[in-house]
């Protein structure tokens, strides 16, 4: 289902999500702030012409520019408004009937040196029905008058945006006696006449008067709340004003979450190069496949005519060359990236705004948790945070985060605070996992570092190229990457202290603790010195990686939000491995982690701590204040969960293979959701099948999960090729990668120059 003309959809169709959120058909509507409205309308002149209903729309529109405006102008007269700071003029002209006076005013803009308004909003009919008591003669005269005005509006529409507002229905039971003649039947007749005449007068589709008919749909749902049965309630006219703002401003301001009326962005130079590369990869792979297929046919077993037996070829399974594997991976990746581009950059599929309800978040959560329990299996090992358990942990956390994103639950503060703990838990695992590896293995080689960096960053680098987004946009990957490098630097810098060395002399443990204290001091200093942090990451080439919208503030905010949790993960790993080495914990199958008494006490404290944190998070009233406390207290719930999950032996001995499967592709799921599950860079929801929300989610989710799984396999295959174990070969590959990024930077600079 093609997205089509989203401007036309915005002006003509949609539905309510809940009671107050309007969802246009096929596209997303941006909620404009005062500053954004001023930036869009700077040096503009807007005119509203019509009756009291248009006056209502006029007031709602100017309140988007200045919310302090009060509705205290002359009721049956012209009302001017001016914002001198942005040189914006908005006028309401009182013309309650479509007649000669209205025609004369419109004609004055088409002749002589009178400056034309940039936006003209016109609409009237109810006064004609009221004054002439709903007579058929009045309707006939209305048609004549619109017929005479239509060519003038068409002429204005060549250089200005002209909107004809159709008449909203009325709530007949609430109308006063002097308005009883205004019936919905009459209103429909007047609307039908206006639409027919305006459409027939349009000879040039580019200079067409736009019919604002969506107000009619909004009124059908809300007119019952009207104070007098004729005028719309405030929330409805505010929605109409916001629609007008989206129609005009989206193509100028290009908001990410305002896909209505936005043209498809042109392909950048880097995107064109990427397209050519993937096309060549697909062609190359097809050629090699055809050659192999031809060779296979030649070597195919043939029947011996004398004996009647088959002769098998000498080689039954030919070795796949590195080039073929490389082309195969890039062929699949090229097809997947095409799907990404079509979903979130081309105007091919529809997008919708998110709308949060408690049921849309909690029902799927309960469902997946119950489903996860059905896939319970025994673990291969019963150690604390063993591989199956950490995969399970990542899996269920990722599924909860996905549900959080698609349901728009960030607007509900208690849910937001709990999700922040899940993000912190990922970083905790980063600290725990990498510290444990370096401490136990003592492997600080370049191969290990390159493998980790490649697996973390490959997909994001490709998406930055294909989707034309900065690296910092996918904030979690830069966050994990930087913390990995910090962990590596902390342990690799002289003196290198590893478990083998520390076992020989206990003093090395104090040396490692000293390193961790130095790390904590640096983290503390940077968290309270925004200037120093921004200076470090504003140097080239770091600035190219961590800037977003021209500064590194977003990066500082993301880093600061979970600044201590990686350190907590490293410290936990150190304490746990020390206790394990000294056999102070029992990790046998079915055995509690400590003695029964200690285990029961710790389990009780953990449950109380877990619930206490949840109560505190649920009682949060201010997001800023809670975010300030989060870095220090999030570890409480993380440690409580680890102890609850690992102290009882029978709980530690089982895991959910369902969650573990998702855990193995959690990074790909987190990144892919930006463009092929959500839409508009996570601001909305991708709509593959309009009109069937649940079926749409099922289909898009199935494709999304399959794609994430495929990308995980592609990344693993390419990691073996791009990052070989042989040091000399690895050095050559690193030089190639450096050349690739140099070229990328060169083309990026060319792009920026052409844009400016």
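Including glycine, each Cβ sits where the backbone N, Cα and C put it.
Positions annotated as domain 'NXPE C-terminal' by TrEMBL: 22-72.
Taken from TrEMBL, the feature domain 'Cas1p 10 TM acyl transferase' covers 253-734.
Listed as Cβ neighbours of the transmembrane segment (269-291) (distance under 8 Å, sequence separation of 6 or more from its ends, same chain) are residues 323-324, 327-328, 330-331, 333-335, 337-338, 465-466, 468, 744, 747-748, 750-751, 754. As annotated by TrEMBL, transmembrane segment applies to 269-291 (among others).
Sequence annotations record features per position, and here TrEMBL assigns transmembrane segment to 325-343 (among others). Same-chain residues lying 6 or more positions outside the transmembrane segment (325-343) and placing a CB less than 8 Å from one of its CB atoms are 274, 277-279, 281-282, 284-286, 288, 349, 462-463, 466-467, 675-676, 679, 686, 703, 707, 710-711, 714, 717-718, 721.
Among the features that TrEMBL reports, transmembrane segment is placed at 355-375 (among others). Below 8 angstroms of C-beta separation, residues 17-18, 21, 23, 395-396, 399-400, 403-404, 407-409, 411-412, 415, 656-659 of the same chain, each at least six residues beyond the ends of the transmembrane segment (355-375), sit close to that stretch.
Same-chain residues lying 6 or more positions outside the transmembrane segment (396-417) and placing a CB less than 8 Å from one of its CB atoms are 354-358, 360-361, 364-365, 368-369, 372, 423, 425-426, 617-621, 623, 626, 630, 656, 659, 662-663, 666, 669-670, 673, 677-678, 682, 685, 697. Look at TrEMBL and you will find 396-417 (among others) tagged as transmembrane segment.
The transmembrane segment annotation in TrEMBL covers 452-468 (among others). For the transmembrane segment (452-468), same-chain residues at least 6 beyond its ends with a Cβ under 8 Å from one of its own Cβ atoms are 265, 268, 270-271, 274, 333, 337, 340-341, 344-345, 434, 474, 477, 480-481, 484, 667-668, 671-672, 674-675, 711, 715-716, 718-719, 722-723, 744.
Feature annotation from TrEMBL assigns transmembrane segment to 474-494 (among others).
Marked as transmembrane segment by TrEMBL: 506-526 (among others).
Residues annotated as transmembrane segment in TrEMBL: 561-579 (among others). Sequence-remote contacts of a segment are chain residues at least 6 beyond its ends whose Cβ falls under 8 Å from one of its Cβ atoms, and for the transmembrane segment (561-579) they are 384-385, 420, 423-425, 427-433, 435-436, 439-440, 479, 483, 486-487, 490, 499, 509, 512-513, 516, 519-520, 523, 526-527, 585, 627, 630-632, 634-635, 638-639, 642.
Sequence-distant contacts of the transmembrane segment (600-617) (same chain, six or more residues past either end, CB-CB distance under 8 Å): 414, 417-418, 421, 594, 626, 633, 636-637, 639-641, 643-644, 647-648. Taken from TrEMBL, the feature transmembrane segment covers 600-617 (among others).
Residues or ranges marked as transmembrane segment by TrEMBL: 659-679 (among others).
For 685-709 (among others), the entry in TrEMBL reads transmembrane segment.
Annotation comment: TrEMBL describes 730-750 (among others) as transmembrane segment. Sequence-distant contacts of the transmembrane segment (730-750) (same chain, six or more residues past either end, CB-CB distance under 8 Å): 269-270, 273, 446-447, 450, 465, 541, 544, 722-724.
As a summary of secondary structure, the domain 'NXPE C-terminal' (22-72) carries 22 helix, 9 strand, 20 coil according to DSSP. The average pLDDT computed over the domain 'NXPE C-terminal' (22-72) stands at 94.
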